[in-house]
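Q: The following block contains the structure, expressed as structure tokens.
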Amino acid sequence: MANQTFNRLINNQLFTRLTWLRFIGFEFWMVGFTPFFIGYVVSSEKLYSFDLLYGFLIIALLTSSTFVLNHICDIDLDKKNPRKEFSLLVRGTISLQTSWSLFWILQLSSVILSLKFGLEFVYCILGLTFISFVYNMKPFRFKSRPGLDLLSNGISLGLLIPLAAWSINQPLVEFPKLFFLSTICYLLALYCPTMAIDVEFDQNFGIETFATRFGAEFTMKLSWFFTICGVSLLLLSGYFEIFPWDYELLIWTGWLLILEIIVHYIYLPIYSKPTYNIVAKGSIILATFEAVATLMFLILFLR
């Protein structure tokens, strides 16, 4: 019963009237919220505040603008992809011109709201905006350039978002680089499977990505490797007490880090070609486990 409900959810058979929310990528807001939350808590030593919620609003607007731009740039391909049937552009619910208007409203709103936090924060948001353009639009189209697709996601989600959150309370030069290098690894570990499931479709339509060049199985192995790297960096930080880690935090939460490697191996199998359902379910389980471990770390960090 649970599996049937999950399958209906990811195939857009539940909450069908909320298709417009999927169009603006609301289910991916958490992907941006998580590194922002980590960056904010570590810099401010507060678990919640108005600034945090305000920052979430900016990240939500920016994420949604990126997804709308993605729909606009991929409209011809999305019409041939059954997994994109929820797109309002594919359905003809809204026009291309309206989509562009929606994109600019979301994009400009995120930039204008970011002025509250100062220039360093604005620079980070503009950097994310730039990556959004070169990732989606021709002639750059980084999403179709093997290696640059990974780099774009790593820099935007793992560096610029937590860097923006950090800049609200602390100078950029004091940014804990090793800690957030692990964040990049974790996010790339979750991104790789999303490329692997699209290999067959991308190959059929001549789309080149990291996964089409190196194969779905290798991409899944790389995903697990990124998780191992992320865990190793955090264990190293704890052992040598590199901020924000210390030895006591390592003792209390280090075992959870080891479990993350095992959970990844079980739910995102690395020796077979993944299906959409396996990746969707496995990614949710892994991301949830990592989120709980991160929250536990942050609570202990603030003790």
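Using N, Cα and C of the backbone, Cβ positions are placed for all residues, glycine too.
From TrEMBL, for reference:
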type	residues	note
TRANSMEM	20-40	transmembrane segment
TRANSMEM	52-73	transmembrane segment
TRANSMEM	85-106	transmembrane segment
TRANSMEM	112-135	transmembrane segment
TRANSMEM	147-166	transmembrane segment
TRANSMEM	178-201	transmembrane segment
TRANSMEM	222-243	transmembrane segment
TRANSMEM	249-270	transmembrane segment
TRANSMEM	282-302	transmembrane segment
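How about a rundown of where these features are and what they're close to?
A: Same-chain residues lying 6 or more positions outside the transmembrane segment (20-40) and placing a CB less than 8 Å from one of its CB atoms are 12, 46, 51-52, 55-56, 59-60, 62-64, 66-68, 71, 86-88, 93, 102, 106, 157-158, 161-166, 168-169, 180, 183, 187, 190, 287, 291, 294, 298.
Outside the transmembrane segment (52-73), and at least 6 residues removed from its termini, the chain residues within Cβ reach (under 8 Å) are 23-26, 28-29, 31-33, 36-37, 40, 44, 46, 87-89, 96, 99-100, 102-103, 106-107, 109-110, 113-114, 116-117, 125, 128-129, 132-133, 135-138, 141, 161, 164-165, 168.
Residues 12, 19-20, 22-24, 61-62, 64-65, 68-69, 71-72, 75, 78-79 of the same chain lie 6+ residues outside the transmembrane segment (85-106) yet bring a C-beta within less than 8 angstroms of a C-beta in it.
For the transmembrane segment (112-135), the list of distant contacts is 51, 54-55, 57-58, 61-62, 65-66, 69, 141-143, 149, 152, 155-156, 160-161, 163-164, 167-168, 171-172: same-chain residues at least six beyond its ends, Cβ to Cβ under 8 Å.
Long-range neighbours of the transmembrane segment (249-270) within the same chain, counting only residues 6 or more positions beyond its ends whose Cβ lies under 8 Å from a Cβ of the stretch, are 189, 193, 217, 220-221, 223-224, 227-228, 230-231, 234-235, 238-239, 278-279, 281-283, 285-286, 289-290, 293, 296-297, 300-301.
The list of residues near the transmembrane segment (282-302) in space but at least 6 beyond its ends in sequence, with Cβ under 8 angstroms from a Cβ of it, reads 30, 34, 38, 41-42, 45-47, 186, 189-190, 193-194, 227, 244, 248-249, 252-253, 256-257, 259-260, 263-264, 267-269.
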Q: Go through the chain and flag residues at least 6 beyond the ends of the transmembrane segment (178-201) whose CB is under 8 A from any CB in it; none is fine as an answer.
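A: Tertiary neighbours of the transmembrane segment (178-201) are 31, 35, 38-39, 42, 81, 149-150, 153-155, 157-159, 162-163, 207, 209-212, 215-217, 219-220, 222-224, 226-227, 229-231, 233-234, 236-237, 242-245, 264, 268, 273-276, 279, 282-283, 286-287, 290.
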